[in-house]
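Step one of this worksheet: look at the structure below.
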Amino acid sequence: MGELQRTATLTSVSVPDCFHSKVKNSKLYLATFASVLGPLSFGFVLGYSSPVIPDLSRTSETRLRLDAVQASWFGSIVTVGAAVGGLLGGWMVDRLGRKLTLMLCSLPFVFGFTVIVAAQNVTMLLAGRVLTGLASGVTSLVVPVYISEMAHEKVRGTLGSCVQLMVVIGIMGAYLAGLFVDWRWLAICGSVPPTLLLVCMCFMPETPRFLLSQGKKREAEEALRFLRGSDAPIQWEWNRIEEACSEQSSSFHVRDLRDPGVFKPLLIGVMLMVFQQMTGINAIMFYAENIFEQAHFKESDLASVIVGLIQVVFTAVAALIMDKAGRKVLLIISGVAMAVSTAAFGVYFYLVEAQSAAGGGSHADLAWLALLSMAVFITGFALGWGPIPWLVMSEIFPVKVRGFASAVCVLTNWSMAFVVTKTFQDLMNVLTSAGTFWLFACCCIANVVFTMAFVPETKGKTLEQIESSFRGTASP
């Protein structure tokens, strides 16, 4: 025991370096791959509405044909289910564990798509969307938490960014598949990733931090050895995690909200989710084809695929550089890029409206501005405000409140997504297209200011060090 204590008190440089040099990440990567099949499913749900709404709006089956209002609900009702799923997921991760929650959330994905395939009326279509939304809400909470609690600080940023990467790959997959198959076969395709998720997670471990918080020390040690490799000297990391868990009570109480180590990260997490949606990203993605139609692009469905491809490429870039560049600097760069691009998009619509009012003809000479603005916006979002709010959410909360606090953040995110998506067309009517995008530009400027003033840098820090920084104590 004395030797373990001496090992734990070696310099913070020599011990981590020795530890990381002997860690084998192959099984950590395998567990991450299995878990991100959830975000892949979630992305497919988000992307499903874009190619399907036009099909269902002109289908020959009158009982399934969507009018304008029903089409709007078909696109946005997922966010209602996801908000409920966030609350349910917060309860599940604390009671059932991260692994079991992740396995169970695959079921409403499959059931939801099955209801859509078997739909006999519009109500069944909407019910299927609610079920897949419910699963998406649980997934968006549990997967970032599962990965952050498994990963060590050297790769946590990269692996955590894979959540958003798989979401945009899922969106892209739905867009591409929608070019070749009808809406029923597309729903069948959407059932494949969650089925694989359920099977693969049977062979993956629970997170060591959750097991320790439940007093299951032997299982926690086995999980840590599985994730770090049999030759890794895990005692240093084990001591650090165990000390952090021993300092906390076993369960969350409302009085804990008075603790700076809880309410400070909670406020930051909630505001990150608010600002992420106030950039207008979900409104722009849900209505991408309509935006390009207004921008006078004839192949608007192809334009949506291009948008999805840009997201995939630059989210992958963000994942690769996350642990080198840091979270804060990428959020700032991302916010500036989105502010400039949404302002430029507003200028485009202003000029188009001015030409139309003056009786002008073709707007083809301005089409490049719309395309460039969309490309810069999606690039900026993918580099920072897409992956990082979810990553930071999974890093900053103490173990005992991680379920509750993450649930509040997910509820906030999806509630804001619903509000922004449902009001987007009304904003376009009231403020004009130009005014709406200028409003989004102001929100992007506000998120840059917020990031500079309040968001901490978590690059290279253990979860325990991040927690200690909020409490103002020495890290274990």
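Note that Cβ sites are derived from N, Cα and C of the backbone, with glycine treated the same way.
As recorded in TrEMBL, the features of this protein are as follows:
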DOMAIN    27-459  domain 'Major facilitator superfamily (MFS) profile'
TRANSMEM  28-53  transmembrane segment
TRANSMEM  73-93  transmembrane segment
TRANSMEM  100-120  transmembrane segment
TRANSMEM  126-147  transmembrane segment
TRANSMEM  159-177  transmembrane segment
TRANSMEM  183-204  transmembrane segment
TRANSMEM  265-287  transmembrane segment
TRANSMEM  302-322  transmembrane segment
TRANSMEM  329-351  transmembrane segment
TRANSMEM  366-392  transmembrane segment
TRANSMEM  404-424  transmembrane segment
TRANSMEM  436-455  transmembrane segment
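Confidence annotation: the domain 'Major facilitator superfamily (MFS) profile' (27-459) carries a mean pLDDT of 87 in the model. Listed as Cβ neighbours of the transmembrane segment (366-392) (distance under 8 Å, sequence separation of 6 or more from its ends, same chain) are residues 140, 144, 148, 157, 160-161, 163-165, 168, 268-269, 272-273, 275-276, 279, 281, 284, 291-292, 295-297, 303, 307, 310-311, 313-315, 317-319, 322, 327, 330-338, 340-342, 344-345, 347-348, 351-352, 413, 447, 455, 458. Contact check: the transmembrane segment (126-147) against the transmembrane segment (302-322) gives fewer than three Cβ pairs closer than 8 Å, residues 6 or more apart, which falls short of the contact criterion. Counting Cβ pairs closer than 8 Å to the transmembrane segment (329-351), the top stretch among 28-53, 159-177, 183-204, 404-424, 436-455 is 436-455. Residues 45-46, 49, 52-53, 56, 66, 100-101, 104-105, 125-126, 129-142, 145, 210, 282, 286, 402-404, 406-411, 413-415, 417-418, 421-422 of the same chain sit 6 or more residues outside the transmembrane segment (73-93) yet have a Cβ under 8 Å from a Cβ within it. Counting residues 6+ beyond its ends, the transmembrane segment (302-322) has Cβ neighbours under 8 Å at 47, 50, 157-158, 160-162, 164-165, 168-169, 171-172, 175-176, 179, 285, 288-289, 292, 330, 371, 374-375, 378-379, 381-384, 386-388, 391, 459 in the same chain.
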